[in-house]
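A short write-up of the structure that comes next.
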Amino acid sequence: MSKSIEKFPKELVSPIAQLHSLVEKNSKLHIKELFAAEQDRFQNYSVKFDQLVFDYSKHRITKSVLEQLFALAKTKQLTHWIERLFSQDKVNCTEQRAAMHWALRLPSEYSKFPELTKQVHTQLQRMYALVEKIHAGQYRGATGEVIQDVVNIGVGGSDLGPQMVTHALCDFKVKTAKPLNVHFVSTMDGSQLSDLLHQLRPETTLFIISSKSFGTIDTLSNAQTVRQWLEKALGKHDRVVKSHFIGVSTKAEKMTEWGIAPENQLLLWDWVGGRYSLWSCIGFPIALTIGIDGFQQLLAGAHAVDEHFQNTSFEQNIPVLMALLGIWNNNFLNIQTHAVLPYDGRLKYFAAYLQQLEMESNGKSVQRDGQKVELDTCPIVWGEVGPNAQHAFYQLLHQGTQAVSCDFIAPIQRYNADHFTYVENAEALIEQHHLALSNCLAQSRLLAFGNEALDSAELKNLPIYKQYEGNQPSSTLLLKELNPYSLGMLIALYEHKVFVQSVIWNINPFDQWGVEKGKQIADQLLPILNGAQNDLSALDASTRGLIKILLGKVDG
């Protein structure tokens, strides 16, 4: 946004004025000074809940800052908005819909919303039945062979969430009657499919078409390609489509029209946003990988956080704290980029998942009342598995000119379960896990304390280009271990963080109008590239020039 616009107009509300005052008062305060002044700072600025610990002591905050952030949340009626979210209110104001992803993880015996719970569990039970059938080797393709490969075709929320969770929980893959592999395809250019189809047998491959609207061109173009691949190998008859495709969508009629058998149609609802949908039948690939019990544990972990979010005071409420720390960094300290750094290779796709969750939800510039925002909203979210990131962009974090806030994420335990395939190598692998943990702690320490973290003797003659300023804020999330339950907790924490920030910024986190128009313009350009239309006069000079090169009318 323009530098002339205040991050928060100072005159609006008392907590905002107080926070601006605290910024000016503490502008030169270093994180190392906060720790020096408060010996029990870790105890005062960390929360333990269930299977995780949230340490936010390495942020540039004081008790006074926290008090005013809580006061800001109260002036924005955060408690009221949380109550609205967990009702059936239409908190998605631009589409006049509720946002009830939390309902997808309600226990079957939950009594507050009996009809809603029944709808959700009816679809989950249908999904579980298919999972059991595939696992038992009883689901067969058109030629009678057992399915051994399942390909999820989706994009955005129908791809990022399921792929992230499936990869993260690879240690919990269940045994099946015959080996079962799950794959993911999302890109509309066909490159992923081209590589994958060479490895698969049509007779033993099942495809999931995962699309809330069943109209997304990325997904349907890939689906049409694999349909042709199947029909070329197995023949053009209804049995091929009915045996080799499962659909997940809100649009039963569109799935039927495409040829998907009713018994292979799993339903969603309009009140589930795509980026919040992995808890639903969109999570079919997850259930295929970790089994029904594992999937239910994933839901249970998220539900535990739902209860924590609704029933815990702001002072101990982890999603609220995560959100308010982000507000402080973004809107008051002018830190507008946030790195997510998991120190576990299984969380390889977690940063990409959060990019959609946070930036598609809160990357908005219009308030709920239709007025332009008067403050910066979502920061740029990025990240990578921590040990790899250390050899890529940590140079910028430590010695660059950009202020960056970070989330460090790590499991406390790993390689200690006897059902894992690597149990015979556990001792060596545990040492590697400790190596990752030591790096996680070292990096957060160095980012916070800078030169203070170095040995004084070493620092004495250290040239300036080897020195560290520090004062880069970070949180650390420690999971007891990375399992379905704790991962469900972790994801739900970030979901609710996003919601809290949307309340403070007065924006709608449940729509994504910014992604719509580009698709429509692409539809207008496609006939030109296909040769069905020649008139370029309505286009800008750049687009005209690029199209001429693509059509071979001028040299590139």
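Glycine residues also receive a Cβ, built from the backbone N, Cα and C atoms like all the rest.
So that you can see what the record holds, here are the features copied from Swiss-Prot:
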type	residues	note
ACT_SITE	E360	active site, proton donor
ACT_SITE	H391	active site
ACT_SITE	K519	active site
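Across the structure, H391 (active site) and K519 (active site) are spaced 36 Å apart at their Cα atoms. There are 22 other CB atoms within 10 A of the CB of E360 (active site, proton donor), with all protein chains counted. Here K519 (active site) comes close to I217: these same-chain residues lie at least six apart in sequence, with C-beta atoms under 8 angstroms from its C-beta. A coil conformation is recorded for H391 (active site) in the three-state DSSP classification, outside any helix or strand. Other Cβ atoms within 10 Å of the Cβ of H391 (active site), summed over all protein chains shown, number 9.
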